[in-house]
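Annotation comment: TrEMBL describes 78-111, 131-150, 162-185, 197-220, 232-251, 288-306, 318-345, 351-376, 388-406, 412-433 as transmembrane segment. Taken from TrEMBL, the feature domain 'Sodium/calcium exchanger membrane region' applies to 97-253, 287-425. Residues or ranges marked as region 'Disordered' by TrEMBL: 261-280. Annotated compositional bias 'Acidic residues' per TrEMBL: 267-280, in sequence order.
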Amino acid sequence: MGTINHLQMVGFNSHDEMGSLEGKPIMEPHDEGQSGSVSMKRTMFPVKAVLEYWGKKSIWSKVMTSIRIAFLSDKINLLIPFGPLAILVDFLTGHHGWVFFLSLLGIIPLAERLGWATEQLAFYTGPTVGGLLNATFGNATELIISMYAMKHGMLRVVQQSLLGSILSNMLLVLGCAFFCGGIVHPNKQQVFNKSNAVMSSGLLLMAVMGLLFPAVLHFTHTELHFGRSELALSRFSSCIMLLAYGGYIFFQLTSQRNSYTPINEETNPDDEGSDDEESPDISKYESIIWLSILTLVISVLSEYLVNTIEGASVAMNIPIAFISVILLPIVGNAAEHASAIIFAIKDKLDISLGVAIGSSTQISMFAIPFCVVVGWIIGRPLDLNFQLFETATLFITVLVVAFMLQDGTSNYFKGLMLVFCYLIVGASFFVHIDPESIQDKP
């Protein structure tokens, strides 16, 4: 009764808010018998308006809560204003060095938030699909940058940025995960599923084969049709690699239900109700909306980033190869880097490997051949000849990581060696002069 009286008071005291109903009765009674019905209708009209008002307020509250969770829950989001600042600096001054640097800083939190939104969606899809989603959207930044670079004819930037992403994931991300996990768990041997690691290593070696033969064909001058055989072989190999990756996805979804489940959880099924169990921060539809918004914003900033690469190289006196292979992948892999370290600290090394090695596998077996096929469709002669220096670097990296993973265990020293290997690779590209021009337009 108290609630009804309160709503009745609201109804009779809200004439100004509801459009000043004085002198405008809802219904004129024809007799006294209808007066009770009219009184009820006059009471229900403001009640409905109040409920609609609170419903709208509830939706607005949900939107603000979602924004707060997405952008005010992590300190790295303090870098988000650098994105709009890059657009403003480009509009006011056109200084390529500053625009590139600010765009780079602005993309870092967006890439991390893209990984976060993917993880939220993965809560509703299960571990296997969730792991594939993490790998897919974790590489969305690299694919977006590659598409814009290809659009502008910067084919070497496409090749080097994708190559750099593989090197970054396999050496820097995995190395930091091993190192941090070993430091946090010094008296415990961390283990992971060796069979999954061997399968990923096999796919990476297949990708190296796809990149190696066009390069060898080019440098040995043994092409059947000079200038055409190399491109034709690259396109054929890309189609085969895409089919192989499709078979790998099918195999993961049908045969390896627990491929993303840590060994520790498989051996202790009774610990499912532990305190480490997490729950999503936002709903499934909010995750999809945030994925769409973040992908769109990253696309806008990526165009500014790509447009200023050459100018930034001159302004900062840094080789374009170093920017493409080292700087761009570090930004694109921000989400993987954070996720792999967190899972390694939680002693969930299989998930860390799924993030780092799984991402490298997807770039080598899907992203690179996909870009070759897209270039084929739009008339850009992108091939798998990554030049001898880059191909040799990838081959040695895959071999080193394969040897590190062969026993199914990790420690902080293995991680330290992988990070040191990445430093050597970075120094090599800093003194490397790319033989091809960045503006490789047909």
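Note that Cβ sites are derived from N, Cα and C of the backbone, with glycine treated the same way.
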What are the helix, strand and coil residue counts for the domain 'Sodium/calcium exchanger membrane region' (287-425) according to DSSP?
116 helix, 2 strand, 21 coil
Long-range Cβ neighbours of the transmembrane segment (197-220) (under 8 Å; 6 or more residues past either end):
166, 170, 229-230, 233-234, 237-238, 240-241, 244-245, 248, 353, 357-358, 360-361, 364-365, 368-369, 383-388, 391, 394-395, 398, 401-402, 405-406, 408
Do we see three or more Cβ pairs under 8 Å linking the transmembrane segment (288-306) and the transmembrane segment (78-111), pairs being at least 6 apart in sequence?
yes
Pairs 6 or more apart in sequence, C-beta under 8 angstroms, 3 or more of them: is that satisfied by the transmembrane segment (232-251) and the transmembrane segment (351-376)?
yes
Of 78-111, 162-185, 318-345, whichever stretch has the most CB pairs under 8 A to the transmembrane segment (388-406):
162-185
Selected stretch (most C-beta pairs under 8 A with the transmembrane segment (78-111)) from 162-185, 318-345, 351-376:
318-345
